[in-house]
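**Q** This is the structure I have questions about; it appears just below.
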Amino acid sequence: MSDGLDNEEKPPAPPLRMNSNNRDSSALNHSSKPLPMAPEEKNKKARLRSIFPGGGDKTNKKKEKERPEISLPSDFEHTIHVGFDAVTGEFTPDLYGSQMCPGKLPEGIPEQWARLLQTSNITKLEQKKNPQAVLDVLKFYDSKETVNNQKYMSFTSGDKSAHGYIAAHPSSTKTASEPPLAPPVSEEEDEEEEEEEDENEPPPVIAPRPEHTKSIYTRSVVESIASPAVPNKEVTPPSAENANSSTLYRNTDRQRKKSKMTDEEILEKLRSIVSVGDPKKKYTRFEKIGQGASGTVYTALDIATGQEVAIKQMNLQQQPKKELIINEILVMRENKNPNIVNYLDSYLVGDELWVVMEYLAGGSLTDVVTETCMDEGQIAAVCRECLQALDFLHSNQVIHRDIKSDNILLGMDGSVKLTDFGFCAQITPEQSKRSTMVGTPYWMAPEVVTRKAYGPKVDIWSLGIMAIEMVEGEPPYLNENPLRALYLIATNGTPELQNPERLSAVFRDFLNRCLEMDVDRRGSAKELLQHPFLKLAKPLSSLTPLIIAAKEAIKNSSR
């Protein structure tokens with residue numbers, strides 16, 4: 001009898017998703033050659049000295065040092081002229097474009113682009129309808145400037161390592177006294193370092209989602225591109241002499257050289273940031289929860305407060321881009337908010353850097369959206385918390401640039417916090433728009449895909465896509481070829497919902513405000529916090545049953 005009463009009093013279980021979705025080393029025999037061999041570098045210099053006699057070796061060396069060094073060309077680009085024949089529906093050499101650049105021959109579509117297009121599933125009709133969008137996504141995919149830097153401070157489940165970097169170091173008045181500046185490095189040293197980096201460059205790593213919902217295309221990508229021609233009042237390149245301006249880490253050889261810091265300089269900078277002392281005396285009960293390319297993640301307890309924290313331990317000798325760690329720490333340290341997974345502390349322990357962050361035991365929102373069904377009240381609660389985080393970041397001139405369910409962490413109490421600042425970009429009034437292709441393709445805003453200058457509202461578009469994730473369990477176009485997905489993002493406007501009639505009018509209006517193609521008409525974080533949809537938000541504690549149900553479903557599926 002009592003058992004029957006207990007069963008009646010238990011709330012129904014949350015609804016689950018049914019388908020959780022080498023060079024030639026042989027030496028030349030010069031003696032057999034009828035022609036004289038090419039003079040070596042030293043012989044060239046000796047001959048030049050005989051032609052232009054100086055005082056002595058020391059004088060010549062001094063003069064050589066005084067001569068201005070002419071660097072290799074940088075930031076150059078190969079302009080490809082491609083036209084489109086509306087009759088045949090084929091991409092052709094653009095004769096007019098070639099005439100605009102004297103000396104250039106018409107090239108037509110490059111072979112690698114043609115191969116990409118053949119496997120893209122973009123139909124001939126779609127190519128004919130919007131050839132420029134096709135070219136935009138082809139340029140993005142064929143870029144050789146893509147980099148795969150670690151997001152060092154990533155603390156999400158499984159210690160995911162994704163493709164990303166801090167695009168700008170903090171430059172607010174709070175941090176102006178300690179900008180992570182990098183002194184110039186000599187050309188010879190830098191070339192050697194660059195060769196070593198190229199040889200040791202790890203292969204690209206796919207950013208993870210839960211195994212049962214993972215797509216090979218769901219990864220974060222970064223492409224450094226030339227800024228489009230825009231009025232100076234809108235975009236002004238940051239001045240190298242202005243210590244308070246944001247210096248962008250553009251992915252070019254010359255700028256990588258300028259941003260070099262020696263290991264000793266990095267250690268000196270880190271010593272000025274980290275806390276003094278032994279973290280093993282402050283934290284106890286270390287438990288390993290993840291291992292990644294950039295380090296190992298543990299949970300631990302703060303002895304003084306009893307707070308559970310996440311600690312990432314990184315061997316600095318194994319980090320290829322150590323200066324980016326400094327930038328990421330500084331960005332996180334200066335942007336603390338209740339809706340952000342906050343940086344707590346850091347320590348140098350031997351050759352390791354230990355970074356202490358808040359720990360949220362509920363896991364990522366991805367687990368909830370792929371394993372359970374959320375109602376509008378729960379979705380509104382998550383959107384409100386994310387908008388509060390974005391309003392804070394945007395008001396501090398920070399764009400997150402990688403908003404998606406993977407980067408939203410949940411506490412067991414239902415708290416919602418934004419994490420993963422490996423892509424975040426700081427902007428100043430002079431640098432009010434950015435034009436770097438960055439983020440995860442399926443969550444990208446159209447202005448990013450089409451390589452236009454953009455601002456904080458790219459995060460709002462991504463939030464709208466994440467809201468669709470919460471409804472449907474995945475973002476739009478996830479099962480499309482990535483090239484076609486980018487084409488659809490660039491051309492379709494607001495993505496269509498599978499069953500829009502199931503959503504309330506106020507929710508559909510919220511989605512339309514987030515997913516407005518016209519950036520000027522798209523809502524800002526501050527504006528959307530006043531949207532009527534958020535009044536439907538349930539208490540955050542309503543998320544707890546979903547978190548528990550998702551954990552159970554994942555545990556059962558792994559058996």
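Backbone N, Cα and C atoms are what each Cβ position is placed from, and that goes for glycine too.
As annotated in Swiss-Prot:
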- Ile289, Gly290, Gln291, Gly292, Ala293, Ser294, Gly295, Thr296, Val297, Lys312: ATP binding site (BINDING)
- 18-32: compositional bias 'Polar residues' (COMPBIAS)
- 63-72: compositional bias 'Basic and acidic residues' (COMPBIAS)
- 239-250: compositional bias 'Polar residues' (COMPBIAS)
- 70-83: domain 'CRIB' (DOMAIN)
- 283-534: domain 'Protein kinase' (DOMAIN)
- 1-72: region 'Disordered' (REGION)
- 65-150: region 'Autoregulatory region' (REGION)
- 164-212: region 'Disordered' (REGION)
- 228-262: region 'Disordered' (REGION)
**Q** Please classify the secondary structure at Ile289 (ATP binding site) using three-state DSSP.
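**A** Assignment for Ile289 (ATP binding site) reads strand.
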**Q** So what's the average pLDDT for the domain 'CRIB' (70-83)?
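**A** Residues in the domain 'CRIB' (70-83) carry a mean pLDDT of 52 in this prediction.
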**Q** How many other Cβ atoms are found within 10 Å of the Cβ atom of Gln291 (ATP binding site), counting all protein chains shown?
**A** 10
**Q** Check the DSSP secondary structure of Val297 (ATP binding site), expressed as helix, strand or coil.
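**A** DSSP call for Val297 (ATP binding site): strand.
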**Q** Determine the minimum-neighbour residue: among Ile289, Gly295, Val297, listed as binding-site residues, which Cβ has the fewest other Cβ atoms within 10 angstroms?
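**A** Relative to the other binding-site residues in Ile289, Gly295, Val297, Ile289 has the fewest Cβ atoms within 10 Å.
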